[in-house]
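Here it is: the structure, laid out below.
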Amino acid sequence: MLKQNGTVFRPLVLTLVGIPGLESVQFWIGIPFCTMYTLALFGNSLLLVVIKAERSLHEPMYIFLAMLGATDIVLSTSILPKMLGIFWFHLEKIYFDACLLQMWFIHTYQGIESGILMAMALDRYVAICDPLRHATIFSHQLLIKIGVGVTLRAGLLGAPCVILIKCRLKFYQTTVVSHSYCEHMAVVKLAAEDVRINKVYGLFVAFSILGLDIICITLSYIQIFITVFNLPQKEARLKAFNTCIAHIVVFLEFYVLGFFSFFTHRFSFHIPSYIHILLSTLYLLVPPLLNPIIYGVKTKQIRDGMSKIFFPKYKY
């Protein structure tokens, strides 16, 4: 690592400060974060076990839910161990390339989760608006294609963010990242060079993945609501709407937190940095924690599957 004119040339190591302004209480902040992470791992792992064990759950909705659970496990694991190392053991140092790898994992799996949520909305759209063709349209071949497609889309679109930092940005005004993990803009802001291309491409990725997905989800649910409200019987309307409640809650928690974190990091809005960092961390922790709880509470088949695991002597 060479210094030139007050800048650092291609640093080998960066320093993650954690949560600026809250360094004195980071140890205590780590306790609820660790609890949330542990519960998220347990809940999503249990969800995967139940879906794999119960043949009746080998349907598109539950297969998408299993994909979501696996994605949540990877997404939360990509930040929490290192973050707890910072909070509890003062392990602030991270290799530059390891930081870029963490960044790629975070943003890739955010994109994968968004794609899965869009697929779940389309699944509900077909199930409610065209139920007779649902089994034909959402075949196992299509599920595989969707899984591969959303993974490749997120991975390939996220890779240039890393490549642009690695190849374009040579001089850095500091090696201290004012964040608890390697977020794209937090690393880009370290550079002492023109970063407009990096910013523009980051916006392009965000709107081409999250923006496109939320448009598809919104249009799907508009059509779902129109179909549901046109059903002749009140009981049928309530039953159809009840199958969508869990999905709607999950969509809202993911996208509301996500867009708030995205815009405040780029446009500030005079929000203290520690509030932004706490919220952006919760954005990566709350959905993995709540998703298995929401689906476990709202979905009888999953509740029954969990009961068979913990209370195998009883019949359901």
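Our numbering is plain: 1 for the first residue shown, then up by one each step along the chain.
The backbone N, Cα and C atoms fix where each Cβ goes, and this holds for glycine too.
Relevant sequence annotations retrieved from TrEMBL are reproduced here:
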- 27-50: transmembrane segment (TRANSMEM)
- 43-295: domain 'G-protein coupled receptors family 1 profile' (DOMAIN)
- 62-89: transmembrane segment (TRANSMEM)
- 101-122: transmembrane segment (TRANSMEM)
- 142-165: transmembrane segment (TRANSMEM)
- 200-228: transmembrane segment (TRANSMEM)
- 240-262: transmembrane segment (TRANSMEM)
- 274-297: transmembrane segment (TRANSMEM)
Are there 3 or more C-beta pairs under 8 Å linking the transmembrane segment (200-228) with the transmembrane segment (274-297), counting only pairs at least 6 apart in sequence?
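Stretch pair does not touch.
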Cβ pairs under 8 Å with the transmembrane segment (27-50): which stretch of 62-89, 101-122, 142-165, 200-228 has the most?
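It is 62-89, which has the most Cβ pairs under 8 Å.
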Mind looking up the mean pLDDT for the domain 'G-protein coupled receptors family 1 profile' (43-295) in the predicted model?
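Averaged over the domain 'G-protein coupled receptors family 1 profile' (43-295), per-residue pLDDT gives 89.
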